[in-house]
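J.: What follows is a single structure, and I will ask about it in a moment.
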Amino acid sequence: MLIGLIRHGLTDWNAEGRIQGQSDIPLNDEGRKQAEMLGDRLLQETYRWDYCITSSLSRAAETGKIIAAKLGIPLLEPDDRIRERAYGQVEGMTAVQREEKWGKDWNLLPLGQESDEQLQARALAFMEEIAAFYPDKNILVISHGGFLSQLYIALYKDKYSERLGNLSLTILEKNEKEWNPLLYNCTRHILQQQH
């Protein structure tokens, strides 16, 4: 079993440096182009994908719809467990705004954000269930940067800490007891288009 973990395409709030969290911000035109580029790349690669599942937030759902259509694979019902971290009061704010209001350690304050532990538990439960329901299938999962980062920390501790790019692709292979990383945070489909 393979899982292809994809961060959604670019949004206006991404471009402005605003925390989106569970605010439902749509893709922008660049984000849609990025999704098309990844779909084209996946068509050319040797991996074959059986299904696509997305978060219920529109930026992930639209990314998944574009990719699934390119690949001609079914898009499963969205799953709320793979939504972005809830950031509470800081959603919609830029780094400058957060620091001006609460200081550099804003993330340590009780501002209504979901904890790392809560997010990791949610991520691991999703992975266990998807492996149990689709043990012989290859699944594309379109989610969010905060969610995916905490999933990687839960699985691999500090081995992967690089900031995840929009429309990045990470591929994990399930063996009997663990998920082995085959590819991490790859955005070559976007980089190739920039040259």
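Every residue, even glycine, has its Cβ placed from backbone N, Cα and C.
All annotation found in TrEMBL is predicted automatically rather than curated by experts.
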J.: Among R41, R59, which residue does TrEMBL name as a further substrate binder in the site formed by R7, H8, G9, L10, T11, D12, W13, N14, E84, R85, A86, Y87?
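T.: For the substrate site that includes R7, H8, G9, L10, T11, D12, W13, N14, E84, R85, A86, Y87, TrEMBL also lists R59.
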J.: Around W13 (substrate binding site), how many other CB atoms lie within 10 A of its CB?
T.: 19
J.: Tell me the Cβ contacts of Y87 (substrate binding site) under 8 Å, same chain only and six or more apart in sequence, or just say none.
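T.: Long-range Cβ contacts: I19, Q20, G21, Q22, L111, G112, Q113, E114, G146.
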J.: Could you give the Cα-Cα distance between H8 (active site, tele-phosphohistidine intermediate) and E84 (active site, proton donor/acceptor), in whole Å?
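T.: Given the Cα positions, H8 (active site, tele-phosphohistidine intermediate) is 10 Å from E84 (active site, proton donor/acceptor).
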J.: Mind giving me a neighbour count for R85 (substrate binding site)? Other Cβ atoms within 10 Å of its Cβ, every protein chain shown.
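T.: I count 24 other Cβ atoms within 10 Å of it.
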J.: For H8 (active site, tele-phosphohistidine intermediate), just count the other CB atoms lying within 10 A of its CB, please.
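T.: By my count, 30.
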